[in-house]
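Pulled from TrEMBL, these are the features on record:
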BINDING   11, 12, 13, 14, 15, 16, 70, 71, 72, 73  NADP(+) binding site
DOMAIN    10-99  domain 'Pyrroline-5-carboxylate reductase catalytic N-terminal'
DOMAIN    163-268  domain 'Pyrroline-5-carboxylate reductase dimerisation'
Ligand SMILES: NC(=O)C1=CN([C@@H]2O[C@H](COP(=O)(O)OP(=O)(O)OC[C@H]3O[C@@H](n4cnc5c(N)ncnc54)[C@H](O)[C@@H]3O)[C@@H](O)[C@H]2O)C=CC1
Ligand SMILES: O=C(O)[C@@H]1CCC=N1
């Protein structure tokens with residue numbers, strides 16, 4: 001992997017596109033053009049990337065190696081045709097849109113467009129993301145290597161062999177940070193209910209989630225073993241886990257939640 005990432009065109013600089021751009025800029029990017037109609041969304045990148053409001057304003061001489069599609073999946077049919085002109089030049093389209101299928105993107109970009117579907121997550125902003133990616137037929141080895149380098153620049157990467165596998169990935173790791181942040185929220189609330197001051201509850205919840213994540217990242221042990229290491233026989237944690245791990249509690253709820261999100265990703269195929 002080269003030290004500096006190649007020229008990129010980012011379409012949509014919202015929460016996820018912005019998170020990835022932060023990571024790429026930190027890593028070193030030769031040139032980035034960002035198409036973002038709402039100036040406030042991209043304001044944090046002024047001076048570090050060229051920000052333009054629409055496809056017509058992209059500098060005529062700009063030849064991006066990759067075009068990152070980071071708009072909402074519902075906006076793709078109306079927005080993508082304006083970028084089809086980059087396909088014949090060999091640009092790789094990397095879509096992070098939930099659900100939106102390769103077939104529907106090629107309907108807008110041209111049937112020969114080289115497309116990778118990737119599903120990152122917001123820890124990419126601190127280069128600790130996880131992305132699973134799928135390379136559509138026709139993507140060359142060099143293009144796949146380019147996508148891999150871009151995605152690795154903001155965290156860990158895995159490739160899947162079947163396009164549909166991106167949909168459960170979207171449910172698990174794409175949305176996963178939201179479930180972890182929800183854990184911090186409900187832990188804080190429960191601490192306050194037990195009489196702790198609000199500022200202490202907030203600090204405890206954040207530090208516990210962040211510290212546990214750091215331990216999990218650093219440890220070769222399974223999550224279950226790290227859990228068991230906290231759980232003294234006949235102790236306090238065991239009492240809490242008896243509630244959380246009842247058959248209709250966390251395990252069943254998580255299965256139901258992930259199935260619901262996977263179904264929604266499939267609905268967004270287009
Ligand atoms: N937020 C997340 O954690 C993740 C989001 N994604 C995917 O990333 C995509 C973006 O999601 P978010 O960043 O959350 O949404 P967002 O709403 O924060 O960002 C979308 C951005 O696109 C801009 N935009 C709209 N139309 C445009 C156009 N025609 N040209 C250029 N920019 C345009 C909007 O102004 C906005 O800033 C979605 O497809 C989503 O499925 C994927 C993984 C995780
Ligand atoms: O909620 C969503 O649809 C997007 C995809 C994964 C995370 N955010």
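Keep in mind that glycine also has a Cβ here, set from the backbone N, Cα and C atoms.
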Secondary-structure category, per DSSP, in which residue 15 (NADP(+) binding site) falls: helix
Set of same-chain residues at least 6 away whose C-beta sits under 8 angstroms from residue 13 (NADP(+) binding site): 21, 34, 36, 41, 42, 45, 51, 70
Helix, strand and coil residues within the domain 'Pyrroline-5-carboxylate reductase catalytic N-terminal' (10-99) as assigned by DSSP: 37 helix, 20 strand, 33 coil
Composition by DSSP (helix, strand, coil) of residues within the domain 'Pyrroline-5-carboxylate reductase dimerisation' (163-268): 86 helix, 0 strand, 20 coil
